[in-house]
């Protein structure tokens, strides 16, 4: 039951992140820079989670002893820097590349995250978990590769990927996101509570991105014009982050990362059936592979 709760929260988080990226593309296309959007998200996060801490009467440092607080704050600073880099680069990627291309690239995050989790926090993971993560990731990749034309598929190579500046941005962002997820789990284990992790991560990123917030004073008309999209973006982004962190209390970080991609086949199958896009048989096969990966993970 606990495993299922973690899986469902991760799936919800993945769907929310997909929605956040779609909304962010509309906002950045209107002239708001990715770094400015990152600043808006994190200032909002500081306010929301500070209010929650005050309302709940929680200790901002969770169950940490006074001796552990400096190490926790240093860890949160590192996480904040990684979050700033990952978020800024992801928005740059979403702005400069087709959404389907960025989805494809981020499909490998679960595998990278699992590797970091084993190395950095020595997180125990069974062979069933590892196999399930790999199978699920392959299923998502199958769906995304189906979006490519035959010409694009034939010209696909790692050498060409890393020659492209936008693709390099995506790669660095993937590494930053994976490291951030693992260190968030470490911070969660240290504090014993989720609210301190929420608050201090957003606080550190907000401080780092404070300069970009100041630059928004000249874009008030644009902000007003995109007010509805900005509100949706902030709400969805905060919910995506919160559900993802809470899921880490129940399942390994690699599995949580893999489950965030579970929403992909449903989105793709819906588009295929409704708009007659792509090959339905191939997408059903890929969805079956993803389902198989989840079944393998549940055998743990």
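Yeah, the Cβs are placed from backbone N, Cα and C, and that goes for glycine too.
Taken straight from TrEMBL:
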DOMAIN    8-143  domain 'EamA'
TRANSMEM  6-23  transmembrane segment
TRANSMEM  35-57  transmembrane segment
TRANSMEM  69-87  transmembrane segment
TRANSMEM  99-121  transmembrane segment
TRANSMEM  127-145  transmembrane segment
TRANSMEM  166-183  transmembrane segment
TRANSMEM  195-217  transmembrane segment
TRANSMEM  229-251  transmembrane segment
Open item on the list: Give the nonlocal contacts of the transmembrane segment (229-251) in its own chain as ranges (CB under 8 Å, at least six residues past its ends).
Closed with: 2-3, 5-7, 9-10, 12-13, 16-17, 19-20, 23-24, 26-27, 37, 40-41, 44-45, 48, 181, 184-185, 188, 194, 197-198, 223, 259-260
- [ ] Quickly jot the same-chain residues contacting the transmembrane segment (35-57) by Cβ under 8 Å, restricted to those at least six beyond its ends, or write none.
- [x] 24, 27-28, 83-84, 87-88, 91, 195, 198-199, 201-203, 205-206, 209-210, 212-213, 215-216, 219, 230, 233-234, 237-238, 241
Open item on the list: Counting by DSSP secondary structure, give me helix, strand and coil numbers for the domain 'EamA' (8-143).
Closed with: 109 helix, 0 strand, 27 coil
